[in-house]
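Structure record follows, encoded as structure tokens.
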Amino acid sequence: MKGAVRGGSIVTRASTKGKTVGGKAAPSNATTLASVEYLKSLPGVTAPFEDVFDPAGLAKTASIQDVRRWRESELTHGRVAMLAALGFIVGEQLADFPLFFNFDGRVSGPAIFHFQQIGQGFWEPLLIAIGVAESYRVAVGWATPTGAAFNTLKDDYEPGDLGFDPLGLKPTEPEALKEMQTKELNNGRLAMIAIAAFVAQELVENTEIFEHLFLRFEKAAILELDVLEADLGLPVTPLPDALKAI
């Protein structure tokens, strides 16, 4: 198999041949082995999973092009999730701040309902901004969707590298770059879990993130106080009704 070194990893040409998990026949054993080894060489392999974390064995039936496309998707969703998790917290805290652009006071309560409260005049610029950003990402990273190149990344494109580094933070040393990429992936993975938890919590309890957190702290403090009061023979502090369901 012929190969080329790209971003510190070996990309095997055989990976682009044959059929993959995207509704096509399974790749050859050689291609599968190359995909697994390629995945192991990518950033994101970290403790406590020193080897590739793939409990479903998806990499065993994938080509390198599949792995590259999945990594691009993971990076994109991780970055969006980091912005979303930050936006949930910041938006809820600034909703009542007088200098915050609050659409005439319409925005309040849990962040999961903020978009519905904003109304017309916000969605149109947002959709245009998203469209421009996605069009740029597609133009930089994705191959022309014709023939065998359909739904694949360009061969010379490093997943996630859109050339956007206004502060010049990207390291030039390969090891330092890989470490920074691993940190980004780990934070993106955590953010995806966090934003899913934020949404589920606000749907179930209809309370803001910090409000929910402080209510938990308050309940824990009262319960600890009750234990101390019982030990000292003092009247037990009753738990407020609002905290009983938490």
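From the backbone N, Cα and C atoms, a Cβ is placed for every residue, glycine too.
Please treat TrEMBL annotations as automatic predictions, because they have not gone through curation.
Now, the feature entries from TrEMBL:
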- Tyr38, Arg79: chlorophyll b binding site (BINDING)
- Glu74, His77, Lys183, Glu184, Asn187, Arg189, Gln201: chlorophyll a binding site (BINDING)
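Max Cα-Cα distance over the annotated chlorophyll a binders (Glu74, His77, Lys183, Glu184, Asn187, Arg189, Gln201) is 26 Å. Put simply, Tyr38 (chlorophyll b binding site) is 22 Å from Asn187 (chlorophyll a binding site) when counted between their Cα atoms. For Glu184 (chlorophyll a binding site), other Cβ atoms within 10 Å of its Cβ number 17. Less than 8 angstroms from the CB of Glu74 (chlorophyll a binding site) sit Gly44, Leu185, Gly188, Arg189, each of them six or more residues away in the same chain.
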